[in-house]
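Record features, source TrEMBL:
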DOMAIN    1-173  domain 'ASD2'
COILED    90-120  coiled coil
COILED    144-171  coiled coil
């Protein structure tokens, strides 16, 4: 029963992931259309700023999500330690926790910088785009970010349930 339940949950997550991937592709097409509009309307250096911002948006969001995920796994491992855990393993986990915490703080600084750059890019685009086009751009940035987050969350859930299923199958003689 438990195996069937885990497999059913995994199947639902895979289906949800497929839907999110469709949305990601649709968002990418939307981004390409927006890119053409911005290229046609803006000066080359302004277009370059726009493109750098859009490229960095995905990188910074993915970096933050990855570091947060890794930090959560280390924190879980730390919370599962008990008296039988070797000192070397405790020290290793504590060092990884400190390193990941510092890296996540650095990534948060990158995100703050990216937010400032987004305001600059919005200011540039406001000179060229209609109010509706500017709202489309802002909505695109929000959707792109939320899809990245949703995609990463689904990947984490799938990984968790696959591990649970694998552990269950290994425990059954």
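Each residue, glycine too, has its Cβ placed from N, Cα and C.
Residues 2-3, 6-7, 9-10, 13-14, 16-17, 20-21, 23-24, 27, 31, 54, 57-58, 61-62, 65-66, 69 of the same chain lie 6 or more positions beyond the ends of the coiled coil (144-171) yet place their CB under 8 Å from a CB of it. On the 0 to 100 pLDDT scale, the coiled coil (144-171) averages 93 in the predicted structure.
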